[in-house]
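What TrEMBL records for this protein is below:
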| type | residues | note |
| --- | --- | --- |
| DOMAIN | 48-148 | domain 'P-type ATPase A' |
| DOMAIN | 617-783 | domain 'Cation-transporting P-type ATPase C-terminal' |
| SIGNAL | 1-17 | signal peptide |
| TRANSMEM | 165-183 | transmembrane segment |
| TRANSMEM | 195-214 | transmembrane segment |
| TRANSMEM | 591-613 | transmembrane segment |
| TRANSMEM | 661-685 | transmembrane segment |
| TRANSMEM | 726-749 | transmembrane segment |
| TRANSMEM | 755-776 | transmembrane segment |
Amino acid sequence: MDASCLCWFLLVSPCDSTSSKAAMKLSELVRCPVKVQRCAGRFVQTELIVQIDQRDVVTGDIVIFEPGDLFPGDVRLLSSKHLVVSQSSLTGESMTTEKTADIREDQSTPLLDLRNICFMGTNVVSGSGTGLVVSTGSKTYMSTMFSAIGKKKPPDDFENGVRRISYVLIAVMLVVVTIIVLTDYFTSRSLSGSVLFGISVASALTPQMLPLIVNTSLAKGAVSMARDRCIVKSITAIRDMGSMDVLCIDKTGTLTMNRAIMVNHLDSQGLPKEKVLRFAFLNSYFKTDQKYPLDDAILAYVYTNGYRFQPSKWSKIDEIPFDFIRRRVSVILETESYAEDRNHQFLKRFMVTKGALEEVMKVCSFIEHVDSGEISTLSSEDYQRILCIAEEVSNEGLRTIGVAIKRLKLQNSNGSMANDEDFESDMVFLGLVTFFDPPKDSAKQALWLLAEKGVKAKVLTGDSLSLAIRVCKEVGIKTTHVTTGPELELLSQDTFHETVKRATVLARLTPTQKLRVVQSLQTVGKHVVGFLGDGVNDSLALDAANVGISVDSGVSVAKDFADIILLEKDLNVLVAGVEQGRLTFGNTMKYLKMSVIANVGSVISLLIATLVLQYEPLTAKQLLTQNFLYSVGQIAIPWDKMEEDYVKTPQRWSRKGLPLFILWNGPVCTICDVATLVFLCFYYQATTLEDNKFFHSAWFIEGLLMQTLIIHLIRTEKIPFIQEVASWPVICSTVVISAIGIAILYTPIGEVMGFVYLPLSYFGFLVVLFVGYFSVGQVVKRLYIFVYKRWL
């Protein structure tokens, strides 16, 4: 570091520290005042309304809240007036919730559905009220819900498997190296040389490139997914995606487009009528307060279907804007009309209202029979019939709004009388309009591709069951087994796990229920679970899942706990991620199995040769050079390809898989090494200490070529070089490392290392040896696959 950089560092560091302290002090000055009703007075208690900071609110306080206020704790309502609360911070759903103090809830009612309880972190949208604080701080529902979040995940099967095999290699190392060191010492009487040779043997037994291969494979996968507009926060999640066999999906915005499309316009009999659509269109066209997605859907439906309602012949007089108490919007319109003789022109004035069906029907006293044009009094039978139609539509997963009109007298509607709420009364009910949040075009194809690759999809949503079933049918998810959060709460532990195992659609779930479902799939079902969600209510499940997936438009807390963030809500990116994860897992297992087999076989062969020859088969520097060249040659493995059948099924670490693989395939390497030992001893008579340079050279070349070529036998179930050929980086690596190893013998470096030239007859023997090795190895491979039904 030069002097200028040092001075800059010394000057800036104190400033950064000072600014941080200043920011902390400023944050302490920020207060969120809450109106609280408290008693004061030493002798005579007087009730006072005071403002205190929300951090000073305690259990037992009576708080007073108005629109915009945040609840400082969990509150039991004492009084309420048109109170509407947003619980999106807990449920993730944008819809508001009506709360009232004058209600007695049933014990089976889900916690977040309680209408007389308001939770910390939620806010008042409209209305007012008072409430008793029943819990604050760490005892609130939100705090207990997130108390277990953010803890370090336990090691997965792959990490545990690598740890176990490491312990086995250490045990083998201690036994074999001890025998080799003692044998070499009793023959050479050189303790330092024997110890050095033992250390080199221990080094040869260690798969040194494992961290590099694993991290390179994962990093390569992360770069590949980044090209698909997918940010990988935790690269180990790519490997877990290769093992994932269950994907839990939150419906909103993931399977659907998260926008409304108009479906139909029905009269009071449930039949499509154009008049209902006309007045719904006029309301949406002329309203100016705020355009909602439903208005855009109505306008789009009219324009795309060729209706000509001629809004230019209408003029707007006034408007009663939408609010969360009335949940409807009204506009007063005027149009010109002609008498029957077409000679006299006069004006007609209407109030057109649309909004929540129940709220629209509250202000209706009459109903129009669109077929006959007759207007009659809205009877209780009419009321029930309309509600039944709305329920049937809702069961199909559609959303409904009501439409009503009122003919106004010109002299009674001058000025701005629309500001009077009583003006919306004695209206004529026309019908209802239905909407649907359509599934994405890519969702069905992506889910089909995931199912082809062995990944089952389960929908975990806070929406209604009927809506979830409608969407799932559209995208091809089976709905034969469905359940809801309230139903799960009533089940015993065993029944709960069985229901979660069978169900494909789970609706009306709270955040903690989503967490329980994920944990049940992991612990009881033994599944590797991915969870895709974007709301605060998904954070618990995102943190618990093996692979947490969120989207860039999700809330901050969801993205914080996600392992992977999708820049676009497209499930096809996950299909590519699953394939990349299995490719990463497969290449990692190639190296791990190949290196363990080659290293263990090589070390056992060294032990046998040391006992037979009574001297070192290779010197320490020769063994380390051989190991170095072999390790460098394996760097190309992350760029290898996998067979198509391999990426079609989830890949998981098998606890018994690697030990059995070693027991079956390890002896093949040792047999080839022993064959080389026998050939050198009997054909070339290289058994004396004077011939050790020739033996060292021959053993060096055979061991290096064996360890370099073994990747081609291990990497595929098929016959190498005939039915399946490795990727060009692996082929190039094999050729280059083999050429370097052979060339060393004929260079000055070879002389320094104690090598000598080898005759061509020995290379002819190696060709025969490796043909035999691949033949025997292929037979063992087929037997292994026949017995265990898998290879890598």
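Keep in mind that glycine also has a Cβ here, set from the backbone N, Cα and C atoms.
TrEMBL: automatically predicted annotations, no manual curation.
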Between the stretches 591-613, 661-685, 755-776, which one has more Cβ pairs under 8 Å with the transmembrane segment (165-183) than any other?
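Looking only at 591-613, 661-685, 755-776, the most contacts with the transmembrane segment (165-183) come from 591-613.
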Six or more residues out from either end of the transmembrane segment (755-776), which same-chain residues have a Cβ under 8 Å from its Cβ atoms?
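That would be 622, 668-669, 671-672, 675-676, 679, 683-684, 693-694, 696-698, 700-702, 705-706, 709, 713, 720, 744-746.
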Which residues, given as numbers and ranges, are at least 6 beyond the ends of the transmembrane segment (661-685) yet have a Cβ under 8 Å from it?
593, 596-598, 600-602, 604-605, 608-609, 612, 691, 694-695, 698-699, 702-703, 706, 710, 714, 762, 765, 769-770, 772-773, 776-777, 780-781, 783-784
Six or more residues out from either end of the transmembrane segment (726-749), which same-chain residues have a Cβ under 8 Å from its Cβ atoms?
625-626, 629-630, 632-637, 639-641, 697, 700-701, 704-705, 708-709, 711-712, 715-716, 720, 755-758
What are the DSSP helix, strand and coil residue counts for the domain 'P-type ATPase A' (48-148)?
18 helix, 42 strand, 41 coil
Which whole-number mean pLDDT does the model give the domain 'Cation-transporting P-type ATPase C-terminal' (617-783)?
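Averaged over the domain 'Cation-transporting P-type ATPase C-terminal' (617-783), the predicted model reaches a pLDDT of 89.
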